[in-house]
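Student: Sharing a structure with you now.
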Amino acid sequence: MKRGHDYSSSDSELDENIEVEKESADENGNLSSAAGSMSPSTSSQILARKRRRGIIEKRRRDRINNSLSELRRLVPSAFEKQGSAKLEKAEILQMTVDHLKMLHTAGGKGYFDAHALAMDYRSLGFRECLAEVARYLSIIEGMDTTDPLRVRLVSHLNNYASQREAANTAHTGIGHIPWGGTFAHHPHLSHPLLLAQTAHTSANSTSSSTEAHHQNRLPGSPHAETSSLRVPPNGNIASVLPVVASSKLSPPLLSSMASLSAFPFSFGSFHLLSPNSLSPTTPTPSGKPYRPWGTEIGAF
């Protein structure tokens, strides 16, 4: 059976057409049998009802076709076959069912991990572009599989895609941070992004840095409250977070810092601090250290 467009319905449309033909035949029969008793207003109402039914059916078919198009775009297995083969309705629905079963088997992690889903589609798109590059080099440029330029380019793109997929897999394995205590005590956070606080940079020896680190961990040490957040040149904000267990910050501020550490994007492109603030903090002439977050702590 030849169809007019990609998503023309087959069985359901035939049934609906048969029902419409039956209704129209019944209406025509009633019209022929009771022609004398039917007024022109009644016949116009019947025609208007048939016209409305056709409009409603067309809108319903368009809604079904749009939903199938969205499923073909959202399901990864159907998205891979988008340019290579024409998919039937049953195939799209079957791929959708298989995809949902796979997500259910994985424990529902894919339902809520929007970043992982975006990375999945980015990897699929990169692989599609890689296949198009290889096809262009072989068909348009006439390069065979042993050509040095093609081998070098394709291997470079393959290695890049593999490295990004491995990095994304390692990055999305990080979960949320649970609180270990109430607000009356210091919460203990064991998160891989909350690294230990580095001591003040010293180029003299390793022992001096270790000694400064132990001074920061002492309860009465004045350096325990003077550690400042500094954004490194590479933009990784997680490596400069202070030790949470010995910090005097309130839990709401700590939760905001933890959410910043779990943010999947880099802050290297955002100018958060001036270059002068990247240097270690120096005491002011009054003897008190500079605390850029002092007003925020007072707000809590």
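For all residues, glycine too, the Cβ spot is worked out from N, Cα and C.
Pasting the feature list from Swiss-Prot:
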{"type": "COMPBIAS", "residues": "32-44", "note": "compositional bias 'Low complexity'"}
{"type": "COMPBIAS", "residues": "199-210", "note": "compositional bias 'Low complexity'"}
{"type": "DOMAIN", "residues": "48-103", "note": "domain 'bHLH'"}
{"type": "DOMAIN", "residues": "121-157", "note": "domain 'Orange'"}
{"type": "REGION", "residues": "1-52", "note": "region 'Disordered'"}
{"type": "REGION", "residues": "199-232", "note": "region 'Disordered'"}
{"type": "REGION", "residues": "278-300", "note": "region 'Disordered'"}
{"type": "MOTIF", "residues": "290-293", "note": "motif 'YRPW motif'"}
Student: On the 0 to 100 pLDDT scale, where does the domain 'Orange' (121-157) sit on average?
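Tutor: The predicted confidence over the domain 'Orange' (121-157), as a mean pLDDT, is 84.
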Student: Determine how many residues of the domain 'Orange' (121-157) DSSP places in helix, in strand and in coil.
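Tutor: Tallied per class, the domain 'Orange' (121-157) gives 29 helix, 0 strand, 8 coil.
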